[in-house]
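Per Swiss-Prot, these features apply:
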type	residues	note
DOMAIN	1-90	domain 'CS'
MOD_RES	Lys33	N6-acetyllysine
CROSSLNK	Lys35	SUMO2 cross-link
MOD_RES	Ser44	phosphoserine
CROSSLNK	Lys65	SUMO2 cross-link
MOD_RES	Ser85	phosphoserine
MOD_RES	Ser100	phosphoserine
MOD_RES	Ser113	phosphoserine
MOD_RES	Ser118	phosphoserine
REGION	124-160	region 'Disordered'
COMPBIAS	132-153	compositional bias 'Acidic residues'
MOD_RES	Ser148	phosphoserine
MOD_RES	Ser151	phosphoserine
MOTIF	157-160	motif 'PXLE motif'
Amino acid sequence: MQPASAKWYDRRDYVFIEFCVEDSKDVNVNFEKSKLTFSCLGGSDNFKHLNEIDLFHCIDPNDSKHKRTDRSILCCLRKGESGQSWPRLTKERAKLNWLSVDFNNWKDWEDDSDEDMSNFDRFSEMMNNMGGDEDVDLPEVDGADDDSQDSDDEKMPDLE
């Protein structure tokens, strides 16, 4: 029995944990106020996985849930205190080799503000317009379409 590999990420009201177990069977997820216990049989060899996580902060076990797919089990933990950032998933600072941050879904929601997003939207619009207007006539550049030989078109000497 060994822990399943997992990825996690933080949101304003929820913490998400994805246990990466393909073809899982007999999935059991137990949500407690400050602990999560996950177990299942996984893969074609029905290997037994068990993860016990002492959580960084409390959650609402009644409003937390999980969903199984063919590739993983996604747990959605409702934070006990909404809007509180979790700098890590576990209570202890110890590095767990089976647990990593899901940077594909990570979002720094603490710094979000409408003003910041409006600046980003303006920047994005400016970048889109940098390609120029397609209807603009550009001046002719001498030799741009010329098929004449340049000095760098000469034959290279053979290597010795």
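Using the three backbone atoms N, Cα and C, a Cβ is placed for every residue, glycine included.
Note on Ser85 (phosphoserine): other Cβ atoms within 10 Å of its Cβ, all shown chains, come to 13.
Within 10 Å of the C-beta of Lys65 (SUMO2 cross-link) there are 12 other C-beta atoms, taking all protein chains into account.
It is 33 Å from the Cα atom of Ser44 (phosphoserine) to that of Lys33 (N6-acetyllysine). Just so you know, of the recorded positions Lys33, Lys35, the Cβ with the fewest other Cβ atoms around it within 10 Å is the one at Lys33. When the alpha carbons of Ser85 (phosphoserine) and Ser100 (phosphoserine) are compared, the span between them is 17 angstrom. Its Cβ taken as reference, Ser44 (phosphoserine) is surrounded by 7 other Cβ atoms within 10 Å in the chains shown.
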